[in-house]
Structure formats: C-alpha cells, structure tokens
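Trainee: Structure in structure tokens, see below.
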Amino acid sequence: MGIGAIMTVLVQSSSVFTSAMTPLIAMGMISLERAYPLTLGSNLGTTTTAMLAALAAEGPNLKLSIQLALCHFLFNLTGILLFYPIPCTRFPIQMAAALGRVTAKYRWFAVCYLVSMFCILPLTVFSLSMLGPTAFYVVSIPIGISILLVILLNLLQNCKPHALPDQLRTWNFLPIWLRSLEPYDRIVNQVVQFFARTCCASCCKTAAPQQYQLQTVLVELGLSL
C-alpha cells in the first residue's frame, strides 16, 4: 500500500498509476490480491494533490480549502479501514474477479457496466432525489431489499445449501433472462452481425467503382492489377 501511495505522490495522479498497473495485471506480472493494496495506496496518495492545491489558497478561503482536502483524505482513509485490514472485508477482490470472469465471456458487458454505473445510476439517483424523499425511498428501499436478499441467497447456496429448499439451491427456478446473460448475448451478437453485414455491403458497393476505375487506369498504362 505504501508503494502505491508513494508512486502516486510522485506522479501526482492515481489514474496514471492504476492505468500503468492494469496491463501488468493482464500479463500476470501482478496478481489481483497484490494490486488491491496498491490501488488503495494510490487512492490515499492522490489526496496529496488536493492538499497542495488547498495550501495555495489565501485569506479566509484557506481554512475552507484545507477542510475540504481533509475530507477527501478521511474519505479515502475510511475506505481503506473498512475494506482492507480484516481479510474477510476484502470482498472487492471477489467482486472484481467475478466481473472479470463475466467480461471475459461477454465482452459487451464491460461497456454496459460502465454506462450503467457512471451514467444511468447517477442520473437515476439524481432524478429521484429531485422528486423528493418519498419517491426516493419508495424506489430505493425495495431495490435495496432485493439486492440484500439476492446476496443472502447466494451466500446460503455457496455455504449452506442443505439449509435451503431444493428449489432454492440453484437459480434455475427463475426465467433464463433473469439468471443468465446468454439471451442478451445472442441479441447483441445479432445486432453486431447485422451492422457488420450492412457496413460490409456498403463498403463493397463503394469499393467496386473505385476498383473498376483503378483497373481502367492500369490498363491504359499497359499494366495489370
């Protein structure tokens, strides 16, 4: 973790450090378990940038800027204390591994994940917050309870399946579109193939006259293609 923090302080960017580390993980030079503390350290080291920027303020704004920089530091430090010291709390590693396995099988899942987490989810939460606390609670509480039930059922299926009824020991009781990405993968493949055929057809139509013109010029020059 200290190495990640020091390297981030030197380059003044956690994004640069993590981006440089990603291909090393892909090549197997750094394991996911070793990259986890390095990433946490980089998040802690990037707080120095905010602190240096805060010290550049003058007058009455200096106090507020330092307070904001300390909030940034304490936020990252709290995340480290929650998800690193105790081994059983390092579940982001398992989550990252699970997402990696899904992405390796369905490449389009990475794009959907980014769009959902960075666009759809923030806009949805912001829209619900603008509608008032009642609308926010009515939507978020059932979703939160459903997520907790899914997590609990997954834990019971993996750890104590004998404590569950036979029907709940697997997710086969659900429709396939609720428990597998295979139907969506077929749809995505069909869409990609459709656009591929369309683009190839248009490119061939465009390339045919150009090919004919090239052959004509070569014939006039006494050459052959």
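Just so you know, glycine gets a Cβ as well, placed from its N, Cα and C.
Heads up, here are the entries from TrEMBL:
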TRANSMEM  6-26  transmembrane segment
TRANSMEM  38-58  transmembrane segment
TRANSMEM  64-86  transmembrane segment
TRANSMEM  106-128  transmembrane segment
TRANSMEM  134-156  transmembrane segment
Trainee: Can you name the far-off residues of the same chain, 6+ from the ends of the transmembrane segment (134-156), with a Cβ under 8 Å from a Cβ of it?
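Mentor: Hits for the transmembrane segment (134-156): 125, 128, 163-164, 168.
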Trainee: What residues in the same chain, six or more past the boundaries of the transmembrane segment (64-86), come closer than 8 Å to it by Cβ-Cβ distance?
Mentor: 1, 36-37, 40, 43-44, 46-47, 50-51, 53-57, 92
